[in-house]
Amino acid sequence: MEKIFVSPQRYIQGENVLKKGLHYISSLGDKLLLITDPFVWRIAGEELASDLAHLGIEVTLANFSGESSNAEIRRIAKEAERAEVAAVVALGGGKVIDTGKAVAHQLKRAVAVVPTVASTDAPTSSISVLYSEEGKFEQYGYYPKNPELVLVDTTLLAKAPAKLLTFGIADGLATYVEARAVAKSGAQNLVGGRPTLAALAIAEKCEAVLFADGVAAYKANQQQQVTAAFDQVVEANTLLSGLGFESGGLAAAHAIHNGLTAVTGKFHQLSHGEKIAYTTLMQLLLEQDTNELERYIVLYQALGLPTTLAEMQMDSLSDQELLAIGIQATIPNETIHRMPFKITAEEVANAFQAVDAYVTKNFSQRKKD
């Protein structure tokens, strides 16, 4: 199997770059489709559309309904076809971004991604996570190219709730845990090849930055300040994690996350990052890597991320429900099979309780302190 590494054509990050780097967006064409939701339209979209209009760019607004579903993608694609747009601009969080990439793929158009939160590594990838209209995970969408442009305005991101940054940190921390497992097993990454040395180095650097600067960045974000630590963590959450997960590969943590859709519960109100935080601990436990497990627990607790079933709002789930999650997480096409050892549905179910027991026994008092 050959090695494959992919990336966006251009990544721009900086303070007020949405204004200073407007020419990067306008260079994509004179008719653009702007996908965003009403909230983001008020805080950033309306000004962006106005600035583009002053450059002679015609902007068609597509209001995002809330789910990156096939129905939503088809609806927005029809709007774009009627407007005869030259490119798509996705302004918002992960689901807006994933929808924008999918619409651009259907139209065979360029896409510019402008994240408004640092809670996701979706911006750089050629992949969309697709859900049903009810919000249940259905599949990954794979596209033949990555975004032409990713524009990351740290001034805008610093205004977002700091909790969202921690969700991105959790997702970013899963990147190296999963990529090194894929490399160890000789399995393929998400673009059908073996991970390159570059992908693994990027994933490792992502982890290093998040451990070194994660807490300081969180504190800066609480004050809406763009510090060196905040800038570093935004890059790790967005660029390093994005390149690392796609070209490095996913393994057990994301598969178990996807398995959560097998049952209902309040935990579905948690963010992707919060759920990934816990399932990453599960992968580390399944790997029997106690030192890494403890290192991650300490950082998660410093950031207020869930480390127990109660914090995941899963403590009332029955053994049968946990097993149902395990069964879904181990279906034939899931990334859990890219681990260097076999994991059964029963082992997944047991790992939920084992992580909870480990944290309760060894870290509950420390957390109170």
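Each residue, glycine too, has its Cβ placed from N, Cα and C.
Automatic, uncurated: that is what TrEMBL annotation is.
Of the residues ASP98, ASP121, ASP315, ASP319, TrEMBL places ASP121 in the same glycerol site as ASP171, HIS254, HIS272. Site annotation for NAD(+) in TrEMBL covers GLY94, LYS95, VAL96, ILE97, ASP98, THR116, VAL117, ALA118, SER119, SER125, TYR131, and the matching candidate from ASP37, ASP51 is ASP37. Sequence-distant neighbours of ASP121 (glycerol binding site) (same chain, 6+ residues apart, CB-CB distance under 8 A): GLY168, ASP171, GLY172, THR175, ASN237, THR238, SER241, GLY242, GLY244, PHE245. If you count neighbouring Cβ atoms within 10 Å for each of the binding-site residues THR116, SER125, the highest count belongs to SER125. Considering only the binding-site residues ASP37, ASP171, the Cβ with the fewest other Cβ atoms within 10 Å is that of ASP37. Cα separation, HIS254 (glycerol binding site) to SER125 (NAD(+) binding site), rounded: 16 Å. Residues listed for NAD(+), ASP37, GLY94, LYS95, VAL96, ILE97, ASP98, THR116, VAL117, ALA118, SER119, SER125, TYR131, cover a largest CA to CA span of 21 Å. Taking the mean position of the Cβ atoms of ASP121, ASP171, HIS254, HIS272 as the glycerol site, the remaining same-chain residues with a Cβ inside 8 Å of that point are THR120, ALA170, GLY172, ALA174, SER241, PHE245, HIS257, GLY273, ILE276.
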